[in-house]
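Single-structure report; data block below.
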Amino acid sequence: MFTTEFLDLPHLARAGGSVQLPGSKSISNRVLLLAALSAGTTTIHDLLDSDDTRVMLDALHALGCTVTPRQVTPGQPVQITGIDGALPNNARAQLFLGNAGTAMRPLTAALAILGGSFEMTGVPRMYERPIGDLVDALRQLGCQIDYLRDEGFPPLRIGQPDFRQLGSTGAAPIQVRGDVSSQFLTSLLMALPLLASTSPQAIAIDVVGELISKPYIHITLELLARFGIRVENHGWQRFVIPAGSRYQSPGSIHVEADASSASYFIALGAIAASAEGQNGIKIEGVGLDSIQGDIRFVEAARAMGAEITGGPNWLHVARGRWPLRAIDLDCNHIPDAAMTLAAMALYADGTTTLRNIASWRVKETDRIAAMAAEARKLGALVEEGAGFIRITPPAAPEDWRAASIHTYDDHRIAMCFSLAAFNPAGLPVRIQDPKCVAKTFPDYFEALFALVQPGAPAPVICIDGPTASGKGTVATLVAQRLGFALLDSGALYRIAGLAASRAGIALQADQADRIAALIATLHIVFAPDQRVLLNGEDISLAIRTEEAGMNASRVSAFPAVRQALLQWQRDFRRLPGLVADGRDMGTVIFPDAPLKVFLSASAECRAQRRFKQLIDKGLSANMHDLLADLQARDARDTQRSASPLQPAEDALHWDNNAERTVEQAVQQVLSWWQQRQPFAAEESAV
Ligand SMILES: Nc1ncnc2c1ncn2[C@@H]1O[C@H](COP(=O)(O)OP(=O)(O)O)[C@@H](O)[C@H]1O
Ligand SMILES: Nc1ccn([C@H]2C[C@H](O)[C@@H](COP(=O)(O)OP(=O)(O)O)O2)c(=O)n1
């Protein structure tokens, strides 16, 4: 996940490949509970790994279900052996459910009917989330539920129910409010088959008030059917669970990915030209047979020109009509995914109108106002009303503007506007606060970058300079602030020197070809936690000694060695960008880099810094030797014939002397980067 202040997306041109979407949260927890209540063992594929599913798995384990493995591992199914509709007598447990509404509500309903002695707890925020309407409905049946703190809110204590009164009023429907949260109805629908299994009569639930979020109830009903429970739906106002209903494991089940998350990749396939050798985008995890309402986004995307095919659990999208066709659509049936149509509208051949979207105004932010404001920044013409938005794309490529998109802590705004990076003007797009995507899709940008190709090679910031000038420190921090990848090219020379000495090869010119051949066989990993692995061994410390630096300097003078490491270094270039530090980043490796910085500092200052750095790392050091070594290294690095250390002609110089702090250097580089961005002026006005 990108946790940077902003994320600069370079202009994007093409897309291709396949993306595996994470399992939907609401389907994951429904499937877990149904598997737990069923007879038999259920193998669950593509379960989402999230806080909500973790607390649910822990709770099911505490209730005596067999859960293997106990944690969700990507690509590995989870197996649950259910309780077959009953818990042992006197079952008791204290269940901590964090802030997971998708665990608290359905588990409360199921346990209240199963009976036992349970305490349902969570984090403080959970104690502010109402559950009174569900508790009232369960009490009508004879369930025993007490509030442990505030009336109407968790934590709760659940006891042994008394269903005797049902004998006389058995057929009386249970009343539940439908206009507050559809989760209450979902909870009852999933729990009441426990009662229906032994009841002589069917059990009916009456919805009081207009039922909101019908698509979610649809998901519940579909999943119940897969677990053997066929609920009659009487016009979304009455639901009847037949007497003798019994949960039966389907054996194996796939958790669908979130269909609204799929909409960004459907739009991507419709907007982007196919990458060379690829044909469109394959989306895995959700298919045309999806039980989610938002799958109908597919119809809308087709109407705009996308070519979409699909099967169970997969979709394939390619660009069809281009430019896209402008549409006029009532979006009531796809409130969330419809936002993605607004992003597609930027590439349409006229004015697109999205109607019946008043609910956008009361979501994470006023989504109509937010969409309008940000699309206008890009140069689109936007009209908005209480319940509609009308978008006309910029008339010509030169009418597009580079924008820094404000995201209002709304994941969907961020994901929608990432698609603006395909603009025909070749402009980058800045997404502010990119971590807001965490709500539904923490790795959205990583998934996007894996599929797209930039219009020009990804940007590189080169930071060159002599030893201990601060390159590594400054480059690491600049990369962190921008969310860019990092290339510590010196580490590659250090690894080459280390590997050659360990192999007993003398570090001299007549051995250069042997060293180059050795380099080709090395397996090097730069782990995300900063460790460097050589053929599986952690060599992070071994390559940081002064001796390793000197050996690196020796092998780096050999043209064959430099050649052997050339492509290796260029392969670090990736989206959204790269910060590369070394000696020849700006002159040889990335001569086209849009920003080149050259750091310098006096030999004494650098020796001081290196001394302190080594001591802090627990390595021994001697000031006098350090200064001598450093001067020797300077001499070799600057005087060698192959790519000597020298500033690129277009490098910007920063005197990184003793009176300058790390933060000053970092701010200077960031400000140079900012000056090169087309939205610099607009950004400062925000
Ligand atoms: N202004 C500064 N810029 C960069 N590093 C600084 C600065 N002031 C002190 N330092 C310290 O100096 C050391 C620089 O070492 P490093 O970044 O490894 O240099 P290089 O990669 O150029 O060899 C670090 O320990 C860093 O904390
Ligand atoms: N791009 C590069 C990076 C490093 N080298 C060589 C020259 C340096 O003395 C060694 C070690 O580089 P490194 O950047 O790790 O060294 P310092 O941290 O600056 O002391 O490798 C190079 O020739 N070209």
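Backbone N, Cα and C atoms are what each Cβ position is placed from, and that goes for glycine too.
TrEMBL names Lys25, Ser26, Arg30, Ser181, Ser182, Gln183, Asp336, Lys363 for binding 3-phosphoshikimate. Of Ser199, Ser213, Ser404, the residue it gives for the same site is Ser213. For the pair formed by Lys439 (phosphoenolpyruvate binding site) and Arg30 (3-phosphoshikimate binding site), distance between Cα atoms is given as 19 Å, rounded to the nearest Å.
Separating the Cα atoms of Arg367 (phosphoenolpyruvate binding site) and Arg30 (3-phosphoshikimate binding site) is a whole-number distance of 29 Å.
Long-range Cβ neighbours of Ser213 (3-phosphoshikimate binding site) (same chain, at least 6 residues apart, Cβ-Cβ under 8 Å): Ser181, Ser182. A gap of 24 Å separates the Cα atoms of Arg412 (phosphoenolpyruvate binding site) and Arg30 (3-phosphoshikimate binding site). Long-range Cβ contacts of Lys363 (3-phosphoshikimate binding site) within its own chain (separation 6+, distance under 8 Å): Asp410. Burial estimate for the binding-site residues (Ser182, Gln183): highest at Gln183, by number of other CB atoms within 10 Å.
Its Cβ taken as reference, Arg367 (phosphoenolpyruvate binding site) is surrounded by 25 other Cβ atoms within 10 Å in the chains shown. A separation of roughly 11 Å, to the nearest angstrom, links the Cα atoms of Lys25 (3-phosphoshikimate binding site) and Gly101 (phosphoenolpyruvate binding site).
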